[in-house]
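J.: Mind having a look at this structure? Questions to follow.
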Amino acid sequence: MASLRGSETMCNITTSCNVDSNIDQFFQPTLYIIVIVLGFPTNCMALWAAYMQVKQKNELGIYLMNLSIADLLYITTLPLWIDYFVHHDNWIHGQVSCKLFGFIFYTNIYVSIAFLCCISVDRYLAVAHPLKFAKVRRVKTALLVSAIVWLTEIVANSAPLFHDELFQDRFNHTFCFEKYPMEPWVAGMNLYRTFLGFLAPWGIMLAAYRGILRAVRGNVSTERQEKAKIKRLALSLILIVLLCFAPYHVLLLWRSVLFLINPCDCGGEENLFGAYHVTLALTSLNCVADPILYCFVNEGARHDVGRALATLLGLFQRGKSPETLMGASITVETPLAVKKPDFYSEVKTNAYKNDIEVLKDECLQMTILSVKK
């Protein structure tokens with residue numbers, strides 16, 4: 001431990017890795033602008049669609065709302081990061097703003113992953129165990145789980161708020177939320193982020209969708225076309241999480257391991273700098289993929305959003321009250337907004353028959369947002 005602290009002091013005093021910040025001037029700003037242009041309006045519409053589901057007492061809407069909120073918070077940080085990269089990785093907005101926007105930026109990566117995991121588990125319970133876990137899949141439970149997710153990720157990622165996050169390099173650039181070589185506490189935090197923030201939720205998602213596919217294959221009442229759609233959607237979710245987040249966490253883990261082996265070695269940092277920044281930028285594509293995957297590929301939700309936009313345009317043209325929007329554009333039986341049946345009231349009359357019918361309804365109507373209206 002003493003030698004590690006000595007290495008940290010030596011690195012702080014004598015070592016500043018010669019990373020090429022010029023490579024960030026075009027790719028990251030361009031990508032972030034695209035994410036803002038596409039991600040902000042689509043997440044706003046996804047947030048509205050999720051709110052409509054919550055009004056229908058659908059617990060899935062809670063997770064989707066939180067996912068959209070996390071994406072929108074992430075997007076609000078991008079303008080300052082665009083400015084940062086345009087100025088060759090030079091933060092000009094002070095220590096407080098660096099801490100705040102860096103904290104929001106990185107925390108919401110893991111909040112998004114966590115809520116994608118919650119959605120996966122919720123869909124697994126809806127498809128594979130619609131009766132057994134009916135009481136668990138409620139709005140109150142979803143609210144409690146959401147609060148736990150936010151609290152856990154905020155606490156787990158709060159360490160940078162208590163450290164200086166502005167660092168000068170040898171070219172007088174002011175780095176924000178990055179130091180080359182990294183600090184020991186950052187390496188430890190990166191290990192937590194990689195294994196518990198990314199790999200653990202992704203493993204749960206893989207297990208959940210494996211269970212979904214197994215349940216779908218064993219359900220004779222689901223049409224062949226619907227089964228294929230469910231499988232495509234499940235695979236799309238896994239691939240999006242893999243493509244958006246896995247490259248970044250591979251390099252994050254690589255950098256951290258290299259540092260722990262040789263704390264003051266700049267060779268690895270300099271070689272990985274460009275690729276690391278590219279993979280970090282690619283995580284932003286999740287903000288575009290989330291609303292597309294969970295809302296706009298779905299016929300019912302897409303129809304709702306189209307009706308809402310048409311109604312909104314009509315209100316502006318005719319000058320009517322905006323309140324008419326709330327009652328004029330809800331497709332109650334979209335795959336996202338189907339109300340769960342009251343299992344226990346109907347079972348009183350004919351338990352066996354109604355259990356079978358409810359099971360069929362759940363499997364047909366609640367299979368990963370993909371049942372046709």
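Glycine is treated like the rest: Cβ placed from N, Cα and C.
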J.: Membrane-wise, does Swiss-Prot list Leu131 and Pro263 under the same topological domain?
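T.: Taking the topological domain names from Swiss-Prot at face value, Leu131 sits across the membrane from Pro263.
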J.: Just to confirm what the record says: which one of Asn12, Asn219 has N-linked glycosylation site annotated in Swiss-Prot?
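T.: Going through Asn12, Asn219 one by one, Swiss-Prot annotates Asn12 as N-linked glycosylation site.
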J.: Choose one of Cys244, Cys264, Cys266: the cysteine that Swiss-Prot connects to Cys17 by a disulfide bond.
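T.: Of the listed candidates, Swiss-Prot names Cys266 as the partner.
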J.: According to Swiss-Prot, Cys98 takes part in a disulfide bond; indicate which of Cys11, Cys44, Cys176 is its partner.
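T.: Answer per Swiss-Prot: Cys176.
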J.: With Swiss-Prot open, pick whichever of Asn66, Asn172 is annotated N-linked glycosylation site.
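T.: Record lookup, Swiss-Prot, feature N-linked glycosylation site, residue Asn172.
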J.: Give residue numbers and ranges for long-range contacts of the transmembrane segment (138-164): same chain, 6 or more residues beyond its ends, CB-CB under 8 A.
T.: 54, 57-60, 62-63, 66, 95, 99, 102-103, 106-107, 110-111, 114-115, 118, 122, 177, 183, 185, 189, 192-193, 196-197
J.: By DSSP, how many residues in the topological domain 'Cytoplasmic' (130-137) are helix, how many strand, and how many coil?
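T.: Tallied per class, the topological domain 'Cytoplasmic' (130-137) gives 0 helix, 0 strand, 8 coil.
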J.: I'm a bit unsure how to read this: which one of 17-53, 58-88, 94-129 has the highest number of Cβ pairs shorter than 8 Å with the transmembrane segment (223-258)?
T.: 94-129
J.: Just the number: how many Å between the Cα atoms of His173 (site 'Proton sensing') and His163 (site 'Proton sensing')?
T.: 19
